[in-house]
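Undergrad: Pasting the relevant annotations from Swiss-Prot:
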type: ACT_SITE; residues: Cys119; note: active site, proton donor
type: BINDING; residues: Lys22, Asn23; note: phosphoenolpyruvate binding site
type: BINDING; residues: Arg95, Arg124, Pro125, Ile126, Glu127, Gln128, Asp308, Val330; note: UDP-N-acetyl-alpha-D-glucosamine binding site
type: MOD_RES; residues: Cys119; note: 2-(S-cysteinyl)pyruvic acid O-phosphothioketal
Amino acid sequence: MDKIVIKGGNKLTGEVKVEGAKNAVLPILTASLLASDKPSKLVNVPALSDVETINNVLTTLNADVTYKKDENAVVVDATKTLNEEAPYEYVSKMRASILVMGPLLARLGHAIVALPGGCAIGSRPIEQHIKGFEALGAEIHLENGNIYANAKDGLKGTSIHLDFPSVGATQNIIMAASLAKGKTLIENAAKEPEIVDLANYINEMGGRITGAGTDTITINGVESLHGVEHAIIPDRIEAGTLLIAGAITRGDIFVRGAIKEHMASLVYKLEEMGVELDYQEDGIRVRAEGELQPVDIKTLPHPGFPTDMQSQMMALLLTANGHKVVTETVFENRFMHVAEFKRMNANINVEGRSAKLEGKSQLQGAQVKATDLRAAAALILAGLVADGKTSVTELTHLDRGYVDLHGKLKQLGADIERIND
């Protein structure tokens, strides 16, 4: 069993580079199934276990996938006739596998996708995906743990109003509608930078999508799409995690690839706390010293504070004086890391969807386990400043979303090792 062991107390200094965005590359890999002419080459692809999982799903669908890890590139050739079924064996490992349904419906007019697995955070229902596909003309039914979708007369453009700005549903509907007949309007669409990256990719392939990054997206269906080369945007969640690593240790680091516009709600909160940020063309420099100010945070869909940064921000808030409240509105069950923080002597009380942090916690090293992907990073951040040794287990969560996080922190001066027991 792998574990990461951290001895707290070292100030981080130096420069670190952000990988390509996990939450952009997964939908873009599935969108490569839309290209019936020429392969696509994706660059700046992070070497993550989730990327390998989605590549396996694409392979079962009869796409040829070449993963060039040394180049951080993946080539997807989906020009052959695709299989209609994405089996449970792979889909069960990761929720993002549901994103093959839109491209399969668009290309084949039918699809069978196992109900997804993956992250432990809340129920993450897929009703919005199904609502979108049905609006486009597909008949959907659930049977034996599979979603069966059939659009025997083809997909037809329509207007779809999402009940909630779901990222996955927005992506799936964009992909399905890109080859539908006529115009599709998605209202109350998700606005994340990863949505914009997906739309840009499909447009480069010959698609006609406007409005990505706003709450109304228009997709004019086209006859066919072709493969292209596309660079994945930097990972704003990894960038935010690294900015907090600099701030929590009261260090001075340059995070190359961090883009302010992709993480405005986070950087404004950091500045409110007294963290010094220097925005440069190719990244952000973070510096902090002394006491930080207390702030409250409330997670919201983009451009609000990202739920994927909630646990890391909580780690930083533990090192600030005063009363702080963290409110989680996006996912249920996203305070599972609190029990692990408490093992490190954190002063936190959870009441419903809010966690109350009283005063500056004198964090102590402890044995803790990651409960989900972002909690894994948050526990490592807390370990950077805890007194003594912290040991973090259940690292399969971490490997789903971070490339060599311990190595990057070590390069910046952390006393950190990954050990295989």
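Counting begins at 1 with the first residue displayed.
Using the three backbone atoms N, Cα and C, a Cβ is placed for every residue, glycine included.
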Undergrad: If you compare CA-to-CA distances from Asn23 (phosphoenolpyruvate binding site) to each of the binding-site residues Pro125, Gln128, Asp308, Val330, which comes out shortest?
TA: Asp308
Undergrad: How many Å separate the Cα atoms of Glu127 (UDP-N-acetyl-alpha-D-glucosamine binding site) and Lys22 (phosphoenolpyruvate binding site)?
TA: 23
Undergrad: Between the binding-site residues Asn23, Gln128, whose Cβ has more other Cβ atoms within 10 Å than any of the rest?
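TA: The residue with the most neighbouring Cβ atoms within 10 Å is Asn23.
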Undergrad: Which one of the binding-site residues (Lys22, Arg95) has its C-beta surrounded by the most other C-beta atoms within 10 angstroms?
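TA: Top count of Cβ atoms within 10 Å goes to Lys22.
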Undergrad: Measure from the CA atom of Lys22 (phosphoenolpyruvate binding site) to the CA atom of Asp308 (UDP-N-acetyl-alpha-D-glucosamine binding site) and give the result in Å, rounded to a whole number.
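TA: Roughly 12 Å, rounded to the nearest whole number.
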Undergrad: Tell me the Cα distance separating Arg95 (UDP-N-acetyl-alpha-D-glucosamine binding site) from Lys22 (phosphoenolpyruvate binding site), rounded to the nearest angstrom.
TA: 13
Undergrad: Helix, strand or coil by DSSP: which one applies to Asp308 (UDP-N-acetyl-alpha-D-glucosamine binding site)?
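TA: Assignment for Asp308 (UDP-N-acetyl-alpha-D-glucosamine binding site) reads helix.
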Undergrad: By a simple count of other Cβ atoms within 10 Å, which of Glu127, Asp308, the binding-site residues in the record, is least packed?
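TA: Relative to the other binding-site residues in Glu127, Asp308, Glu127 has the fewest Cβ atoms within 10 Å.
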Undergrad: Tell me, by DSSP, whether Arg95 (UDP-N-acetyl-alpha-D-glucosamine binding site) is helix, strand or coil?
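TA: Assignment for Arg95 (UDP-N-acetyl-alpha-D-glucosamine binding site) reads helix.
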Undergrad: Could you tell me which of these binding-site residues, Pro125, Ile126, Val330, has the fewest other Cβ atoms within 10 Å of its Cβ?
TA: Pro125
